[in-house]
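Now, the feature entries from TrEMBL:
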type: BINDING; residues: Cys80, Cys85, His159, His164; note: Zn(2+) binding site
type: COMPBIAS; residues: 212-227; note: compositional bias 'Low complexity'
type: REGION; residues: 212-237; note: region 'Disordered'
Amino acid sequence: LYFLISCRKSKGKPNGKKPAPEEKKLYLEPEYTKSRITDFEFKELVMLPREIDLNEWLASNTTTFFHHINLQYSTISEFCTGESCQTMAVCNTQYYWYDERGKKIKCTAPQYVDFVMSSVQKLVTDEDVFPTKYGKEFPNSFESLVKKICKYLFHVLAHIYSSHFKETLALELHGHLNTLYTHFILFIREFNLVDPKETTIMDDLTEVLCSSSGSSSNGSGNGSSNSAGAQNHVKER
C-alpha cells in the first residue's frame, strides 16, 4: 500500500471581536502520530547508494514520491472541493499558483493540486527532463526542476494534514500518510531540495514524526513561536 511567494500580512477589518483561537491540530495527537505502516529506518533509505548517479537517484525518488502523493491525495479528493477548500490553504498560509508567464493565480485547493499534478506529470514523462534511455544526459536545470517539484508536492501533503486529516483518519490511512510524510521530509532534507523556510509551517509535525527517524528538525525551534505570532493573519505565497 505504501508504494501504492513573497510573504505579506493581511489584516482583517476590526469588528470589535477577539480573534478566534487557533484550532487544535488533530494530526499532532500522540495516538495518531505513532501510527506507521513500517518501522524502517528511512534515514538510511534516502541516502545516495554507492556507485549510483545523483541525478538518477533524484529522478527515481522524485517520480516515486509524485505517484505516492498523488495517490494519497486521491483518497480524500472527493472531500477537497471548491466549496470546502476555496483557497489552497495550509494553517495560516495561502498558496497561489504561478503560470508559465509568472502570472499569479488565486485558485481553490483542488485546482491548485490539479495544476501541481498536471505540471509534474508533464515533467517526469518528458525524456528531455527525466531521461530513461541509456546514454541520455540530464539537463543542466534538472536539480532546480526537482526542487520546484518537491516544493509543490510538500504543499499538497501539508494541505492533506491541515484540511483533510479527519477524512484520512476515517479511511484509516493516517499510518500511510505519516509514513509517506516522514520518508519525503527526510529525502528532501538529505539533498537540500526545499528551503527550510518553506517547510516551517509543518515543523511541529516534522519534529514529532522525524525525531525518531534519525533527523533533527531544521528550524523547528522557531515553529511554535512563528505559529503563535501568525495565528491572527494570513500569509500569501
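The backbone N, Cα and C atoms fix where each Cβ goes, glycine too.
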Residues sitting within 8 A of the centre of the Cys80, Cys85, His159, His164 CB atoms (Zn(2+) site), not counting those, run Ile76, Phe79, Ser84, Ala109, Pro110, Val113, Ile160, Ser162, Ser163
Count the other Cβ atoms sitting within 10 Å of the Cβ of His164 (Zn(2+) binding site), across every protein chain shown.
22
